[in-house]
Ligand code: GLN
């Protein structure tokens, strides 16, 4: 078989090397003898509904609004999700796949409605290291190791009843609290003081069992605030997506050791411990 790995709207959703997530998936598939092809889907292309894995990256507010317009009018990704095809969405993509998001300027934009989340300004920008323990939607699919990434976002995201946490934050901000300054951020800039902050809508949560949240898992969508690219720092996550796409149990995938990854993870852990 040949895996077709989509990079969706890289012109507007691709900050901090997020398009590298597709490269990592292709590399780890090929290392197991599975052919893999990266398919770039641009803003003027119809989004195919038959790709094996979809990746969407982060973006700044203006770029993100262009992505939102595309993803609310082209339903290719929605059809792929309805068919259970795995999707990895980072930061701005998480926000855009939600019900709606309000950016730092106070502009409210409808999302694709594929994730039961809403995003509002936090009041402060969360910038820095982010560490979490995998949530139930990941653990159930074999992701057990601590997750490491880098975050840079002004939006805070609350989960509705259909959404489950991607991870439980042990360092950094993650989804944060809409309308409230982020906790434990190691570097943050104040936003425009004229920004109108709203509260979290009724029934939407920012914590589960008293634990702070990063990201969301809903159906076959895995969304996080972690850049990095996240799959470079967290190979278990890459293998989970490959397992979903190939139908090969994650435990059956031969090990792939990439030199430097273990050192990188240890170095990030050490960095966080020193903070
Ligand atoms: N523009 C969004 C925010 O600031 C997302 C940023 C990003 O993708 N890094 O919240």
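A Cβ is built for glycine as well, from the same backbone N, Cα and C atoms used for every other residue.
Model, not experiment: these values are computed from the prediction.
Under 8 Å, Cβ to Cβ, and six or more positions away along its own chain, residue 91 (active site, nucleophile) finds 15, 18, 57, 58, 59, 151, 152, 153, 224, 225, 226, 227. The active site, nucleophile annotation in TrEMBL covers 91.
What TrEMBL records for 227 is active site. According to DSSP, residue 227 (active site) is assigned to a strand segment.
Residue density at residue 125 (substrate binding site): 20 other Cβ atoms are found within 10 A of its Cβ, drawing on all protein chains shown. Residue 125 (substrate binding site) falls within a strand when secondary structure is assigned with DSSP. Per TrEMBL, substrate binding site is recorded for 125.
Annotation source TrEMBL lists domain 'CobB/CobQ-like glutamine amidotransferase' at 4-175.
According to DSSP, residue 91 (active site, nucleophile) is assigned to coil rather than to any helix or strand. Cβ neighbour count for residue 227 (active site) (all protein chains, 10 Å cutoff from its Cβ): 23.
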